[in-house]
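The structure under discussion appears below in the form of structure tokens.
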Amino acid sequence: MRVPAQATIAVLASAVSSPLNDPQIYDLGKLGWTLSSPALNRTVPGHLPSQVHLDLLRAGVIDDPYHDLNDFNLRWIADANWTYTSDPIRGLGNNTHSTWLVFEGLDTFATIKYCDKQIASTNNQFRQYAFDISEAVKDCTADPVLSLNFGSAPKIVDQIAADPASPQWPFGIQQSYEYPNRWFMRKEQSDFGWDWGPAFAPAGPWKPAYLVQLSSEQNVHVLNTDLDIYRQGQINYLPPDQTQPWVLNASIDFFGSLPSNSSMSIAISETNSGAELTTQSLRNITILNGSITGVAVLKDASPKLWWPYGLGEQNLYNVTITVSDGVRSLARVTKRTGFRTIFLNQRNITDTEIAQGVAPGAHWNFEVNGHEFYAKGSNLIPPDAFWARVTTTKMARLFDSVVAANQNMLRVWSSGAYLPDFMYDLADERGVLLWSEFEFSDAMYPVDKAFLDNVAAEVVYNVRRVNHHPSLALWAGGNEIESLILPTIERSYPDQYAKYVGDYETLYINLILPLVYENTHSITYSPSSTTEGYLDVNLSAKIVMAERYQNLTEGHYYGDTDYYNYDTSVAFDFSQYPVGRFANEFGFHSMPSLQSWQQAVDPEDLHFNSSVIMLRNHHYPAGNLSTHNFHNTSMGMGETTMGVMNYYPVPDKTDPIANFSAWCHATQLFQADFYKSQIQFYRRGSGMPERQLGSLYWQLEDIWQAPSWAGIEYDGRWKVLHYVARDIYQPVIVSPFWNSTTRRLDVYVTSDLWEPVSGTVDLAWMDLSGKPIAQNARTPKTAAFVVGALNTTKIYSMNINERALPDPKNSVLILSVQAEGHLPNSNKKSTLTHQGHFTPVFPKDLMLVDPHLELRYNAKTLTFTVQAKAGVSLYTWLDYPAGVVGYFEDNGFVLVPGQKRDIRFVMQEDKTDGNWVQDVTVRSLWDQTTKT
């Protein structure tokens, strides 16, 4: 057993800057900690912040939780209670007015004791907790030890579910993945399993904690700050008037006491240059329920605007808020922010818009600083099953990959955790809008008073915490409740539908909506991620927002869409894709690379249908705690198999590991092409009657090494999908739309720029050896075009049967666009290029030719040069070895014979001392057909 030291904890620099009477802030993470449990026959070192699995891993008690089938093998950890115990706390001030414990996050069911006296119990992972322990400190006669006992979340929610007073829902409504009853807890819902991740149900002090001592009665500690910047007169659900001055509303949450004559002032300066924008006093000061609030109208200030990536600069400002009593500073807080308006437009289509060709219905698109724009991006899931080990460095790499793929928005999927501030900081700096959601998904939830009160505190804290970030784009109530759960109830239990609509409105409209509106003027709220929008908003009505639900009119378009179709036979039939105003979820799963599999799976299990590979695939989920989910997972594996077999060469390599790797790559090819087909379709919709202005695919990244919908693997390696996203999210693209039934090919140019763009598209038919087809198959070699702002235009249409193609199986059409135009908020004209291709048959039926790819590396320029010597190289793929994290600036492209492509590798981490370069390889679709 570890003998505790007599710890004297260090005093931190105060978060409340005041030279006269700072509180003393002690970082509890500086203490020594131990971890114990009845399930463990010894005590091991603990840490804060941390989680139980991580401390057991550090102590050598368990293997890597991500290894093999440890998500099953380590369930004993989630089933046990665990206690974190501090070393005795010495050095606390004796002449203090009050002493407080502040926890930024406890996961989840925790009992807190100090000096063997119970202080409090908690039941919400997402809340900040502050407890006055002044009396416990003064009365302490035993060892001044802090203990945090974490109960087993799976067992506790099972007990809640078994209580006769707890709500019960009809069969088939609540979606379980592994552990049941997740809806009874305010904890990361995916901790109990999801179809892309494991169910570890972790516990522990997952965020920092502090002990704070106030030296006098008029002394405060800042807990949270709500900085709201908006246009004067702005209302959440209406478009802001861009001619109005900026308003700054500052609200500081604190404990302690402020004099009634307290004043507030602000100083705003540019973050980069330090240039002062303005300083002024706030008006209408109120002190109520532990918050001090004031407002200022910035009439004479002209800040530079903050814009999303690709639309302008990310101008940032530091706002310093000072609270004083007229003589001295009592509190001072600095927040970095930006000046922008962001608005989700759900208003009805006007007669003028209908006359311009927009289909009737309602809008569903975002506007930034008064401008419509096309939202290009993906869905962010939890980056790790254990948040305590998520680092700023790794997330910076992830966000760098987001903007490298030309994405300007991420939907932060509900039922993970609210993102930490540092991730919003990264988004602020890079121009990534974060559509944020409250943590509810794919289930109905309790609506009793205790549950609602708990949620209310969670909502208020998190809305206020992140409101200053210009990257914050939206608050949504939850995931797929309106689009999936309520319709399921209506179909299966129509007599109970009204009751559950009422429960839905109680939580997402009556409770959450007013709390959002009370704490921010600048952000729109939508009760559900996928929704048909609202009929009306009336702030004085009993139900403030009247949702449209299924009150739809034929021929009208409303709301956003999600789309999952695992029948791969229709994957590239774009008539199957939903027509709507915005696509917020769509996708298909694929395997990670061999390099990622090797991080978690033993060599003997590296084949497509091994038990380990199959059981790490959670699509389809077991729906319970079964460890032999072969029936459901085989359906998911079968879908990926059919996606390959229907369209691509089937790998059949002699070496089993090489064959497994080729199969993994093949599933990624299908996934990437399927997403490309959909994104092209949705982007084309910007110029169609639906006026479609957003596509966010499912999903950005992996939580672990397993089959999933991700485009970025767990360690940061890009799948084929992310390279395709980088390509197809360029500002101006050329896209082929092929109808295999009518044999008609339409070629479109789509632009998301804010002004018309003109240019040309080159159309070049050739056979797969690279030889041009005679007379270019009766196709014009060049087509000129003009495409309107945020629009699309058809530049050519042909029937393949009428083309002079000697053999469709030996034909490829290369499409190359070159356009001139201004990027948003740029005075400089840019040349914009993009290349696409089309084959009249699917890749599996092509008469492929070995392109004899040659790869060279120039150490001086740090570039790779790829050349096809003998044939057309389709899906040209550069791959790098393990030990490196980064991405190629281009990948998955087409090369024609004689063409060279110079490609730089963007290094994010190198553990090979530069030796990785020797193991970079290149392959093409041809290599999928070979035995070696």
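Using the three backbone atoms N, Cα and C, a Cβ is placed for every residue, glycine included.
Taken from Swiss-Prot as is:
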SIGNAL    1-19  signal peptide
CARBOHYD  Asn81  N-linked glycosylation site
CARBOHYD  Asn94  N-linked glycosylation site
CARBOHYD  Asn249  N-linked glycosylation site
CARBOHYD  Asn284  N-linked glycosylation site
CARBOHYD  Asn289  N-linked glycosylation site
CARBOHYD  Asn318  N-linked glycosylation site
CARBOHYD  Asn348  N-linked glycosylation site
ACT_SITE  Glu480  active site, proton donor
CARBOHYD  Asn538  N-linked glycosylation site
CARBOHYD  Asn609  N-linked glycosylation site
CARBOHYD  Asn624  N-linked glycosylation site
CARBOHYD  Asn632  N-linked glycosylation site
CARBOHYD  Asn739  N-linked glycosylation site
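Around the Cβ of Asn538 (N-linked glycosylation site), 10 further Cβ atoms fall within 10 Å across all displayed protein chains.
Rounded to a whole number, the C-alpha distance linking Asn318 (N-linked glycosylation site) with Asn739 (N-linked glycosylation site) is 54 angstrom.
There are 14 other CB atoms within 10 A of the CB of Asn739 (N-linked glycosylation site), with all protein chains counted. Counted over every protein chain shown, other Cβ atoms within 10 Å are most numerous around Asn81 among the glycosylation sites Asn81, Asn94, Asn284, Asn348, Asn609. Residues near Glu480 (active site, proton donor) in space but far in sequence (CB under 8 A, at least 6 apart, same chain), listed by position: Ser441, Asp442, Ser528, Ser529, Thr530, Asp562. Asn632 (N-linked glycosylation site) falls within a helix when secondary structure is assigned with DSSP. Each of the glycosylation sites Asn249, Asn318, Asn624, Asn632 was scored by the number of other CB atoms within 10 A of its CB, and the lowest score belongs to Asn624. Annotation for Asn289 (N-linked glycosylation site): no same-chain Cβ neighbours under 8 Å separated by at least 6 residues are found.
Spatial neighbours are here defined as Cα atoms within 10 angstroms of one another, and by that definition Asn632 (N-linked glycosylation site) has no neighbours among the glycosylation sites Asn81, Asn94, Asn249, Asn538, Asn609. Separating the Cα atoms of Asn348 (N-linked glycosylation site) and Asn94 (N-linked glycosylation site) is a whole-number distance of 64 Å. Comparing Asn284 (N-linked glycosylation site) with Asn94 (N-linked glycosylation site), their Cα atoms are 38 Å apart once rounded. Asn538 (N-linked glycosylation site) sits 43 Å from Asn624 (N-linked glycosylation site), taking the C-alpha atoms as the reference points. Proximity to Asn624 (N-linked glycosylation site), defined by a C-alpha to C-alpha distance within 10 angstroms, is shown by none of the glycosylation sites Asn81, Asn94, Asn249, Asn609, Asn739. According to DSSP, Asn348 (N-linked glycosylation site) is assigned to a strand segment.
Distance noted between the C-alpha atoms of Asn609 (N-linked glycosylation site) and Asn249 (N-linked glycosylation site) is 58 Å. Calculated from their C-alpha atoms, the gap between Asn249 (N-linked glycosylation site) and Asn94 (N-linked glycosylation site) amounts to 38 Å.
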